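Per Swiss-Prot, the features are:
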DOMAIN    54-283  domain 'Ferric oxidoreductase'
DOMAIN    284-391  domain 'FAD-binding FR-type'
MOD_RES   THR430  phosphothreonine
TOPO_DOM  1-9  topological domain 'Cytoplasmic'
TOPO_DOM  31-44  topological domain 'Extracellular'
TOPO_DOM  73-102  topological domain 'Cytoplasmic'
TOPO_DOM  124-168  topological domain 'Extracellular'
TOPO_DOM  190-206  topological domain 'Cytoplasmic'
TOPO_DOM  228-396  topological domain 'Extracellular'
TOPO_DOM  418-564  topological domain 'Cytoplasmic'
Amino acid sequence: MGNWVVNHWFSVLFLVVWLGLNVFLFVDAFLKYEKADKYYYTRKILGSTLACARASALCLNFNSTLILLPVCRNLLSFLRGTCSFCSRTLRKQLDHNLTFHKLVAYMICLHTAIHIIAHLFNFDCYSRSRQATDGSLASILSSLSHDEKKGGSWLNPIQSRNTTVEYVTFTSIAGLTGVIMTIALILMVTSATEFIRRSYFEVFWYTHHLFIFYILGLGIHGIGGIVRGQTEESMNESHPRKCAESFEMWDDRDSHCRRPKFEGHPPESWKWILAPVILYICERILRFYRSQQKVVITKVVMHPSKVLELQMNKRGFSMEVGQYIFVNCPSISLLEWHPFTLTSAPEEDFFSIHIRAAGDWTENLIRAFEQQYSPIPRIEVDGPFGTASEDVFQYEVAVLVGAGIGVTPFASILKSIWYKFQCADHNLKTKKIYFYWICRETGAFSWFNNLLTSLEQEMEELGKVGFLNYRLFLTGWDSNIVGHAALNFDKATDIVTGLKQKTSFGRPMWDNEFSTIATSHPKSVVGVFLCGPRTLAKSLRKCCHRYSSLDPRKVQFYFNKENF
């Protein structure tokens, strides 16, 4: 197990508490509607599906309260700042915000399915009870709607034998909002798959804004009061457990039982979602305000492999290493905002991003900046926002792993290190950095070469050659490149990058790398930072667990992954 417990105990505890609250709320609501005398007559028509529908509704309210919080980026950045002196275990939980957002969404889907299925049975029971002519208690209760609805005594929402379930579904507030919410939820979930987010980000972006219809629908879903229970006054006058068996004698002079009166369950969903909705509205207002501040593009560089570098200035902009921003180009799309990691260092007088062509929006943006005689497109920026990479200097030893354009957060870190060396910063806690960059194309290395060359020279001059150990891996090589590398193996610099460190072909042998690091730093706390695909994250996470020790006096690896 290695230090799996050390890395994940708080996450597991948090999930257990969240799941426990879901179970508690479901069971508590189920027993309430299954046992309470107030809903005795309602159960005579619907049975236990009433309790299932109401229990799932309560869990939907609870999870809908939580769903917006993990995507309040300014709130997370604020918490990250206030938790700067908290334990790394607690701070790491903020990096799992999107994972928790997805888990809450899955729970909403589960309870939505339970709620819909339960109400399908409920409407079927309502319909059959309304059609019944056998004089049973259910049929008598269903007929109360005929002439006493104005008095508040109706129980069955199907008001006549000619009314269909479909008609009630699309004409009642509960039915219509339920359909709208379900359609919005289905579209949001299906468009949030990794394939669509990676290949058709604009589809994901637009459909996810259907949450507005989901939240509005949830807020007014219960206004119609379709689920009804006996009023307190009516129960005091005619208790259901005493009077249900003598329903044929209701209102007889010689009987103490009177015809029951019912009232709708007051809407509660709006109470659950009000606070997070207000918080999210404030979040969006802040985003809008910051996005309207003028951004000045000071430099545009087109690197090989279709990588665009933008250097910008913005009044009041302050950043930390590894942070990211959201970028909008109104001339391409007014509503689309895309996240990009900052590649500049906090010590620089500008902030920069590197954009690789990966989809329609990025391709259009690069094409717009390639037009030499056209005016530079206007750019809007929101951020910056914090990520796991902010904590890199909290570790004695840091392992940085970037795949392709995923190297961008580490560009910021390495630049900041260069400036710290320039200023002789003695507060730098980090004593060793291992940097791995995995790329398919040789051209991708070019824009990073100058930085690595400068770092090599700076560390040589300061006598800190061993501070940075970097390895570049080329996965898209062919026999010509390998042959050329073999012929020039004795050269002092690499033929691909021009750096002193030779490029490796293929992928890293992570077990060997971690074993070497663990041996070299037997008593250190090692932070492993990744910006790359899920498969690579899985391999690195396993290695962190395998080569860590529960003994705090021995080496421990803490895995961190960029999520935005």
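Placed from the backbone N, Cα and C atoms, the Cβ positions cover glycine too.
Structural setting of the listed features?
Within the model, the domain 'FAD-binding FR-type' (284-391) carries an average pLDDT of 86.
Residue density at THR430 (phosphothreonine): 17 other Cβ atoms are found within 10 A of its Cβ, drawing on all protein chains shown. Under DSSP, THR430 (phosphothreonine) is assigned to coil, being neither helix nor strand in the three-state scheme.
Taking Cβ pairs closer than 8 Å, the topological domain 'Extracellular' (31-44) reaches residues 50-51, 54-55, 137-138, 141, 155, 227-230, 235, 239-241, 244, 260, 262 in its own chain, all 6 or more past its ends.
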In the same chain, which residue numbers or ranges, 6 or more beyond the ends of the topological domain 'Cytoplasmic' (190-206), come under 8 angstroms Cβ to Cβ?
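That would be 102, 105, 333, 335-338, 358-361, 534.
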Using Cβ atoms and a strict cutoff of less than 8 Å, what residues sit near the topological domain 'Extracellular' (124-168) while being 6 or more residues removed from its termini?
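Apart from its flanks, the topological domain 'Extracellular' (124-168) reaches 41-42, 44-47, 49, 175, 226, 228, 231, 244, 247-248, 259-263.
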